[in-house]
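Peer 1: The annotation phosphothreonine is assigned in Swiss-Prot to Thr152, Thr1204 (among others). Among the features that Swiss-Prot reports, Cu(+) 2 binding site is placed at Cys182, Cys185. Per Swiss-Prot, the feature phosphoserine maps to Ser270, Ser339, Ser353, Ser362, Ser1422, Ser1452, Ser1458, Ser1465, Ser1468, Ser1478 (among others). As annotated by Swiss-Prot, domain 'HMA 4' applies to 277-343. Per Swiss-Prot, the feature Cu(+) 4 binding site maps to Cys388, Cys391. Here Swiss-Prot flags 480-546 as domain 'HMA 6', drawing on sequence analysis. Swiss-Prot lists Cys567, Cys570 with the feature Cu(+) 6 binding site, giving sequence analysis as the kind of evidence. Positions annotated as topological domain 'Extracellular' by Swiss-Prot: 668-706, 755-773, 952-981, 1367-1377. Annotation source Swiss-Prot lists N-linked glycosylation site at Asn678. Residues annotated as Mg(2+) binding site in Swiss-Prot: Asp1293, Asp1297.
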Amino acid sequence: MEPNMDANSITITVEGMTCISCVRTIEQQIGKVNGVHHIKVSLEEKSATVIYNPKLQTPKTLQEAIDDMGFDALLHNANPLPVLTNTVFLTVTAPLALPWDHIQSTLLKTKGVTGVKISPQQRSAVVTIIPSVVSANQIVELVPDLSLDMGTQEKKSGTSEEHSTPQAGEVLLKMRVEGMTCHSCTSTIEGKVGKLQGVQRIKVSLDNQEATIVYQPHLITAEEIKKQIEAVGFPAFIKKQPKYLKLGAIDVERLKSTPVKSSEGSQQKSPAYPSDSAITFTIDGMHCKSCVSNIESALSTLQYVSSIVVSLENRSAIVKYNASLVTPEILRKAIEAVSPGQYRVSISSEVESPTSSPSSSSLQKMPLNLVSQPLTQEVVININGMTCNSCVQSIEGVISKKPGVKSIHVSLTNSTGTIEYDPLLTSPEPLREAIEDMGFDAVLPADMKEPLVVIAQPSLETPLLPSTTEPENVMTPVQNKCYIQVSGMTCASCVANIERNLRREEGIYSVLVALMAGKAEVRYNPAVIQPRVIAELIRELGFGAVVMENAGEGNGILELVVRGMTCASCVHKIESTLTKHKGIFYCSVALATNKAHIKYDPEIIGPRDIIHTIGNLGFEASLVKKDRSANHLDHKREIKQWRGSFLVSLFFCIPVMGLMIYMMVMDHHLATLNHNQNMSNEEMINMHSSMFLERQILPGLSIMNLLSLLLCLPVQFCGGWYFYIQAYKALRHKTANMDVLIVLATTIAFAYSLVILLVAMYERAKVNPITFFDTPPMLFVFIALGRWLEHIAKGKTSEALAKLISLQATEATIVTLNSENLLLSEEQVDVELVQRGDIIKVVPGGKFPVDGRVIEGHSMVDESLITGEAMPVAKKPGSTVIAGSINQNGSLLIRATHVGADTTLSQIVKLVEEAQTSKAPIQQFADKLSGYFVPFIVLVSIVTLLVWIIIGFQNFEIVEAYFPGYNRSISRTETIIRFAFQASITVLCIACPCSLGLATPTAVMVGTGVGAQNGILIKGGEPLEMAHKVKVVVFDKTGTITHGTPVVNQVKVLVESNKISRNKILAIVGTAESNSEHPLGAAVTKYCKQELDTETLGTCTDFQVVPGCGISCKVTNIEGLLHKSNLKIEENNIKNASLVQIDAINEQSSPSSSMIIDAHLSNAVNTQQYKVLIGNREWMIRNGLVISNDVDESMIEHERRGRTAVLVTIDDELCGLIAIADTVKPEAELAVHILKSMGLEVVLMTGDNSKTARSIASQVGITKVFAEVLPSHKVAKVKQLQEEGKRVAMVGDGINDSPALAMASVGIAIGTGTDVAIEAADVVLIRNDLLDVVASIDLSRKTVKRIRINFVFALIYNLIGIPIAAGVFLPIGLVLQPWMGSAAMAASSVSVVLSSLFLKLYRKPTYDNYELRPRSHTGQRSPSEISVHVGIDDTSRNSPRLGLLDRIVNYSRASINSLLSDKRSLNSVVTSEPDKHSLLVGDFREDDDTTL
């Protein structure tokens, strides 16, 4: 491959992200942009790193694309960095199945492909790729007819430069790491961080307490690296901002361009070098054959490597190389560089061998599936001279770095060191000498012998086999485990479908599907089947499936408190013991915090096992207690805080208000005296100063000002403490909020008053200054009251979520059973200690702690708080139970299937939490407005101050006329300043961005909470807002409009009743169909069992199935069945009847009290055998049976109604006709009618045939139908409707509808019970009720209406309140004091929250409420009113409106055609339809018994 630079990388700062949902949204949306190859978004660093094609995108366009999503995107550095790309040369190896244009288009659409050049004449293609995004092997897999061109590849490699272009876009990061005490600490950090994907290199310095890291920002962020270091137990701090760098010469050498191996593999490598050596590497991180191919491709092309064999099963690679040109360490790094961060490579063994030896020649031709196993030995060395744990750590740190040492554990107590090592790389003697070199006395045990390592010399026949001296063992099948992300599941039937079909496949041992998590865990034999094949099998079932590469590790995380540790030796003892346990991936113990962080595989080991292991070491371990309560949702702490602040402020505010009222009364009294006696200004001053409160204690300090100051101080700095904290935090983060405004207003008023009071005292003024000490107490009283009421209201908005969280159980009773399922012991454990597979006992009245399956017992379970299902649900062995539901009567034993965060309840809680914290698009407008609001208000306040000062000095009469409480004892200048200052502070007090900020989130929280209580899960603000804009509702048919399972509609007996009875026919048919796996057969069997009131049927032999036609078999042993069953009396036993129609649904027959049966039947030993045929017309004709015209016409009528008609023959005589159909849900017609009455267009879209679709549409009242639409075409249909300018809601059961649900403006998934498809839709209806579709749109409209009302309140309040406060309306007498402004401000926030709480009064309309409407408004339609569109084409096929003569002609033609052929054209069916409504209510009713 030839390196070049056709891609750039840019890092964009993104503001406005609040949660991981924002990160996913940006990655999904920008990832779809044309020209974007890869994007990595970091919430912590508020940045997005994008790899893109510079020919299609620029940094500016990417910034604008993120801006358009509602986030603030900033380009601090607009200069992009180049990203390494490679050139792949492809050639045609077989006749092309696809045209060149299609191949080029396919390749260009692939992420990571930057360019494609096609040469049809030379039958080749040149593809430019980004190797970190897509590999050459993946390109070849996309186009099977093309393969890598080795000739061109080698030619290009030979002419290339000595050094390839370095990987651009790498970043250098330096971090300060505290708490490191020895080299073991540095090794731990380097080992942990060095394995992370995206980390290229790391060096930790113990002396400098510093880590230097080189990483790729598009794969990992600095914050993630910091978290990983802290997870090990060391505090880490970023010293300086990361900066981009270029690689050095050594790294350039490692990345040197090399040709790709030939298609023959590594076997056709260049001849061996004179000094060839063979080495075995252990490789962790390989998941599939693609990994094997990538490593072999990369290594086999290096000049100094003669051959390589990689084994996926043994996780190893054997490399033959020239030891004079390259070292094993370079080879190890070369393997890790194939996919940085994915592979973890260690050296297992190295054997030098001359090239002429048999082993070398055999190694070149080594088969892929044969590899030597790495060999390890253990030695115990006696060590004397150790005095403390520092000695222990020193020995462990030095020896652990020696080549070949796998692990070391030094015991200070026993004076020993236990070392596990690779005997091919080292031996006990060098290890003993190394310890002695450190100053200790080291002695090997007396009986110590050098381990004998037998290495089998590989031969041509058996290369690198183990020693032949060992007995040959029978290989047991290997079990591997993989995880597959499954999308499109909506209910338990989807789960059962996947599990049932996968278990049938060879090589698959077990399957466990988690519906809520959308994940399947599969155990398989890697020699038989691979994960990608399993994913393809799931896709064939109609679901989306992707192999989760890294899901197998770290899927269990445990936080423990460990008590009893005293030193670092204790820490090491716990860590080394646990990491040796199978199933534990990682363990980190922090001595300072007494905490252990453990990652484990729940399938192999559980939390109780880990705690027990630590206990056996002499320590006490317990779970870190987590707050499972919903206290953070009910705002109790905030309510208590603001209540305290309000009471403190109120305590000091009441005297201040008393003083203010007293002064207002006295000022009014003086003004009256002045008006009556016309006193001079000097007399007014004397009169004013003679008042008690105006008397001066000190010159310039009056009693009034002193009392006001003393009362203001505690309020300002105690009652207002929380405001100062919040304001400081806001300003520190360079933002301004409501708290900043409040602190500004109160601090300015307090500081101004204090300054002028001090100045007056300094000048010994005779006239007391006018102060504003009364402003802060009054402001804080009303603001604290507002916050108190606001948090009380907010607590109410989260009641639904708090109720869900409170359902979670805290403890579980785990029982132990013996082989006979008898109870041996019980144990109460914390619910977080429950492991998958545990047997749990749930007593009556108890909560189910986890999801599980009942293994013993019967009971009724209340699931109403989770599913909304009012009636208790019966549970028996095999039934699934949900965490949080309540057991009513009867004890149950359940086996845990999903625990911890995987339970259904946890997933629903997580979904509702994410929904309530997500933002609606309308909220983005409010957020931007609030961002500019505070600076704008501060500016308006300053302008108000200046304007009134200017007006006052220009025209004092205006201030004199409108200044409340003005008297001439105050100087003009002081009056002007006081009036302007008062207006300015009032503007600060009355302005409130809080009401804007609360308008949307409070309504969204209440709306989603109310929805959850009513079984409607809405995923956040965006779908909640979007649903009210919907103009078209598209329904899927199967499982949505209909029940999704076929049922028997009618049974017609076609023989005289004295020949064979109806019940006998049902017994024979039920027995015959019981062996069928076809859904129609299952429906027939179920119906027969219900009619005969039995669970057992006869015996079926010689069963044969002919797909597309029917079945044949022989039935016996039905006489006993008929004798035991409580059979019904035959009605109207008319001998001349040739056909009896019996309704399968509404028939009501009284049970017979007696039955006449021939004695020989009941007592017969050899029962009669019946030859049975069941199937369609073609099956009957094949078997030589003649179908009469009457029967054929009856079948035509059923088929016209969208039913499947099957015929039954017993002993070569046509005996019955059975009509089967998927029935319409009872509420479907009502739901469609209501949606239409709401002004919405309703469309039916189905993959079924047009006849069935037309029939269903006519029953529910839908006039527009898209029939015979493939699942892949449903997306196109939705998109087509959207292109017409319509907002589309897609309603489906999610099995084949998930792409269309994702494409729709609002995707609504209908589930049964709690089985919810959280990835397939925006709105999930827990109950299988179509009226919830109406309720979800109705709730959306109510919520959006409430949001708009809230915005009107907030905007009108600010638009009117601010001008009033600024004094604009003084001419009409509107004047506000600062305390009035603060009261109004508090009232605005409370009013918005209370307005949102009105949504809690919402009641979902019920079926009974809807049924109160007049029955004349039913929505059934005649065929002529229905427009059917077939397939992907948009050609409308309207039913023709024919005249009477045309109808008679067409009916006759249809009858003649029915005798000639079994296939009906669309037109013949459509024209032969009578009016549907007349059929449903007229003579041809389903509950009639018709005799032909």
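Every residue number used here counts from 1 along the chain in the order it is shown.
Glycine too: its Cβ is placed from the backbone N, Cα and C atoms.
These numbers come from a predicted model, not from an experiment.
Show me how these features fit into the shown structure, please.
Peer 2: Its Cβ placed at the centre, Cys185 (Cu(+) 2 binding site) has 20 other Cβ atoms within 10 Å.
If you take every residue in the domain 'HMA 4' (277-343) and average the pLDDT, you get 79.
Sequence-distant contacts of Ser339 (phosphoserine), defined by Cβ-Cβ distance under 8 angstroms and a gap of at least six in the same chain, are Gly285, Cys291, Asn294.
In the three-state DSSP classification, Cys388 (Cu(+) 4 binding site) falls within coil.
Remark: Cys570 (Cu(+) 6 binding site) has Gly564, Leu591, Phe619 as non-local neighbours, by Cβ distance under 8 Å and separation of at least 6 in sequence.
Long-range Cβ contacts of Thr1204 (phosphothreonine) within its own chain (separation 6+, distance under 8 Å): Pro1046, Leu1080, His1198, Ala1219, Ile1220, Ala1221.
When secondary structure is read from DSSP and collapsed to three states, Asp1293 (Mg(2+) binding site) falls in the coil class.
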Peer 1: Can you grab the distance from Cys185 (Cu(+) 2 binding site) over to Cys567 (Cu(+) 6 binding site)? Cα atoms, rounded to a whole Å.
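Peer 2: On Cα coordinates alone, these residues lie 14 Å apart.
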Peer 1: Do any residues, 6 or more residues outside the topological domain 'Extracellular' (1367-1377), come within under 8 Å Cβ-to-Cβ of it, and if so which ones?
Peer 2: 944, 948, 958, 962, 964, 982-983, 986, 990, 1384
Peer 1: Summarise the domain 'HMA 4' (277-343) by DSSP state, stating how many residues are helix, strand and coil.
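Peer 2: Helix/strand/coil tally for the domain 'HMA 4' (277-343): 21 helix, 22 strand, 24 coil.
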Peer 1: Can you check which residues sit near Cys182 (Cu(+) 2 binding site), meaning Cβ under 8 Å from its Cβ, same chain, 6 or more apart in sequence, and list them in order?
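Peer 2: Non-local contacts for Cys182 (Cu(+) 2 binding site): Leu206, Ser390, Gln393, Ser394, Gly397.
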Peer 1: I'm trying to understand the geometry here, so how far is the Cα atom of Cys567 (Cu(+) 6 binding site) from the Cα atom of Cys388 (Cu(+) 4 binding site), in Å to the nearest whole number?
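Peer 2: Cys388 (Cu(+) 4 binding site) has its Cα 10 Å from the Cα of Cys567 (Cu(+) 6 binding site).
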Peer 1: Restricting to the same chain and to residues at least six past its boundaries, which positions have a Cβ under 8 Å from a Cβ of the topological domain 'Extracellular' (755-773)?
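Peer 2: Sequence-distant neighbours of the topological domain 'Extracellular' (755-773): 656, 685, 689, 694, 696, 698-702, 704-705, 708-709, 711-712, 749, 969-971, 974, 978, 981-982, 985, 1378.
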Peer 1: Compile a sequence-ordered list of residues in the same chain as Cys391 (Cu(+) 4 binding site), six or more apart from it, whose Cβ lies below 8 A from its Cβ; state 'none' when nothing qualifies.
Peer 2: Gly385, Leu412, Phe440
Peer 1: Pick out which of the binding-site residues Cys388, Cys567 has the most other Cβ atoms within 10 Å of its own Cβ.
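Peer 2: Of Cys388, Cys567, the one with the most crowded Cβ is Cys567.
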Peer 1: With DSSP, how much of the topological domain 'Extracellular' (1367-1377) is helix, how much strand and how much coil, in residues?
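Peer 2: Final tally across the stretch: 3 helix, 0 strand, 8 coil.
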Peer 1: Looking only at C-alpha atoms, tell me how far Cys388 (Cu(+) 4 binding site) is from Asp1293 (Mg(2+) binding site), rounded to the nearest Å.
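Peer 2: About 67 Å separates the two Cα atoms.
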Peer 1: Within the topological domain 'Extracellular' (755-773), count helix residues (DSSP H, G, I), strand residues (E, B) and coil residues, in that order.
Peer 2: 9 helix, 0 strand, 10 coil
Peer 1: Determine how many residues of the domain 'HMA 6' (480-546) DSSP places in helix, in strand and in coil.
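Peer 2: Residue counts for the domain 'HMA 6' (480-546) by secondary structure: 22 helix, 24 strand, 21 coil.
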Peer 1: Among all protein chains shown, how many Cβ atoms are found within 10 Å of the Cβ of Asp1293 (Mg(2+) binding site), not counting that one?
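Peer 2: Its Cβ shell of radius 10 Å holds 27 other Cβ atoms.
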